[in-house]
């Protein structure tokens, strides 16, 4: 390995390096450094051999040196300890050995902690995650900041490690802490374009409205650095992910965030996506990311998923636990259900006036909910196509569905008008029948008002859908 590369490994996390080119890690000094010790060495030579063993990852030689009496917390040039160097290159086995030998996990030099060194290490997220977990298990402080007031979670966010971020927060790291420039972990993730870290931080309760010292929010920082998709996502008025995990205990959070860690390949595929679709957003918000590949393999869209029956869930390999999460989410979204199974009873003329009136009231209320839903969609729908965050199918698909909706509403309006005319006819016949006791005027007036209100509501819903159709066609 080249000397330059070794010097790069020895630079402190966060870019706080020394002015000198000599970092105290000479490489070609002793041939026997890579071999087992053949006899007692002078203290200075032991230190050099120790450094060589650390940089080459020679665990057996490190153990032999420690057995010979060298301190596990030996201070090398610039005050770094062996554990700090091992953490900075994400050598999990070496970190484990040094900790087991009593190395101080809370050591810091010029406010550069071992945990910060691990979070800014050059290695895979799996290696870094294990190193951080080992250090946290030895009571390393997740909130101790460096000279620039950057905490470990900020380094993990800046370097694009969502699982490391989650682990730190689960151990008490302040997700909204700010550095000397007012940057939070979310700001750093937005600045570097780490979308998967942004989503994880929002789940953990990161405040997207915190401003930097120059008055910029994370979304504005993302826009300035040309991360348009992150800017669009952070600019949304409502965020279904925000604070989703805040109320969990530390153990629950660790379990929730790391249960899928065993499937490394799937996690990597998911975390390296280029754009979220509506299905992915829905699953991610429920913590069901592991279902993404399964549903895509079966060509199941979000619309199909939301309309599945219970037998279809099982048929498509969706477990009972996952079914419960999806059904619970649907229950929160659904409006008051009308029992349309009662409709055939109307034809038998056995239904009471109160029951029929109740049915009409429910129908009117349902139409009102639908009108409100469409109005909300029209309000939230982006005016410009570049503001759309999710992957959308061709607008023609949406337009055709809207046309179908308008047609259905027109049919519904026509049927309600027929129903109104029929009831009016029955009412007139009853009023003219001498054998019938006249109805109380107030009740008759009230029934008439209900029918009129229902008809007007249905017509209004049709008008709203028509406007929605025109809006989509213009886009």
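Every residue gets a Cβ built from N, Cα and C, even glycine.
Source: prediction; values computed, not measured.
Straight from Swiss-Prot, the features:
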MOD_RES   17  phosphoserine
MOD_RES   18  phosphoserine
MOD_RES   20  phosphoserine
REPEAT    45-74  repeat 'ANK 1'
REPEAT    78-107  repeat 'ANK 2'
REPEAT    110-144  repeat 'ANK 3'
REPEAT    148-177  repeat 'ANK 4'
REPEAT    181-210  repeat 'ANK 5'
REPEAT    214-243  repeat 'ANK 6'
DOMAIN    272-334  domain 'SAM'
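Mean predicted confidence for the domain 'SAM' (272-334): the pLDDT average there is 72. Here the repeat 'ANK 5' (181-210) has, by DSSP, the following mix of helix, strand and coil residues: 17 helix, 0 strand, 13 coil. With DSSP states grouped into helix (H, G, I), strand (E, B) and coil, the repeat 'ANK 1' (45-74) comes out at 21 helix, 0 strand, 9 coil. The repeat 'ANK 2' (78-107): residue composition by secondary structure is 18 helix, 0 strand, 12 coil, according to DSSP.
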